[in-house]
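Here Swiss-Prot flags P2 as active site, schiff-base intermediate with DNA, drawing on sequence analysis. Marked as active site, proton donor by Swiss-Prot: E3, K61, R271. Marked as DNA binding site by Swiss-Prot: H96, R115, K161. The feature zinc finger is assigned by Swiss-Prot to 247-281.
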Amino acid sequence: MPELPEVEVVRRGLHHHLVGKTIASTLVYHERAVRRQSGGAVELAGLLAGQQISGTGRRGKYLWLTLEGSSGAQALVVHLGMSGQMLIGPISRPQHLRIAATLDDGSVLSFVDQRTFGGWMVTDLVTVDGSELPEPVAHIARDPLDELFEIGAVVTRLRGKHTEIKRALLDQTVVSGVGNIYADEALWQARVHGRRLTDGMSRAKLTEVLDSAAAVMRLALAQGGTSFDDLYVNVNGESGYFDRSLEAYGREGEPCRRCGRAMRREAFMNRSSYFCPSCQRLVEPR
């Protein structure tokens, strides 16, 4: 699933291509892509018609287009799911086209989604913590790249929880945007085992983990995100290349680039965690 860097790459591309343009018409080719819209395809198309795209936003892994029309400020919320793509111009996989919106200049915004876990929904904006957010996103916490992210408050909350640090990093109500890949990368950078309990960690170490998450995601963002296959691409259909720079994720059996020990993998919440058994010991050495 695309994580913060990948979604932010898409948001930036959409902002560049779409802001100031008006949606002329929308065609829905697969009902699952609009399952979150109460009135389905007809309602979505009606709500989008004539709306001008005035901006873009992102909170964690959710992104949206801000709309200005006769109904006032609304948002087109996009969830990419496991394989969703927002593409401008010609598409290479028309068999996976789920939604197409034609703009007033004749260009087309396509939502392509092979696995159909993602989708579009038009919703109202609400004010939360001084920020205007789509209603379905209102419960999502700020992410480490948000300029208003309060790291001290997040550390306090983490220390008040009796939970594993990796589990906490994946809790989108505590800190958003961090998924399995970047959690493993941040924990490797901070030399912390993912099963360490947050209430037993110092404020300094928790701060280091969150700082590492932010640093890793900035690096990934600069490289266009992480693409293991062609399911994640930017709005021009191009893949990111941060997978070449991963230090932990997917490196089972390979030498740790810090100490040389073989990296390990263990099961975690129906996924996998990758870590160095030497640099990331579960029990601190005496």
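Note: Cβ is positioned from N, Cα and C throughout, glycine not excepted.
Bear in mind that the values here come from a model prediction, so they are computed numbers and not experimental data.
Features as recorded by Swiss-Prot, highlighted on the structure.
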residue: P2; record: active site, schiff-base intermediate with DNA; CB count, 10 Å: 28
residue: E3; record: active site, proton donor; CB count, 10 Å: 23
residue: K61; record: active site, proton donor; CB count, 10 Å: 23
residue: H96; record: DNA binding site; CB count, 10 Å: 20
residue: R115; record: DNA binding site; CB count, 10 Å: 12
residue: K161; record: DNA binding site; CB count, 10 Å: 15
residue: R271; record: active site, proton donor; CB count, 10 Å: 13
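A Cα-Cα distance of 22 Å separates R271 (active site, proton donor) from K161 (DNA binding site). DSSP assigns K161 (DNA binding site) to coil, not to a helix or a strand. Only P2, E3, of the recorded positions P2, E3, H96, R115, K161, have a C-alpha within 10 angstroms of the C-alpha of K61 (active site, proton donor). Nearest Cα neighbour of the residue listed as 'active site, schiff-base intermediate with DNA' among the listed binding-site residues (H96, R115, K161): R115. In the three-state DSSP scheme, P2 (active site, schiff-base intermediate with DNA) is classed as coil. For the pair H96 (DNA binding site) and E3 (active site, proton donor), the Cα-Cα distance reads 21 Å. Taken through DSSP, the zinc finger (247-281) splits into 0 helix, 12 strand, 23 coil.
R115 (DNA binding site) sits 17 Å from E3 (active site, proton donor), taking the C-alpha atoms as the reference points. Largest Cα-to-Cα span within the DNA-binding set H96, R115, K161: 42 Å. K161 (DNA binding site) and E3 (active site, proton donor) have their C-alpha atoms 24 Å apart, to the nearest angstrom. Look at H96 (DNA binding site): DSSP puts it in a helix. Mapped onto three states, the DSSP output places K61 (active site, proton donor) in coil.
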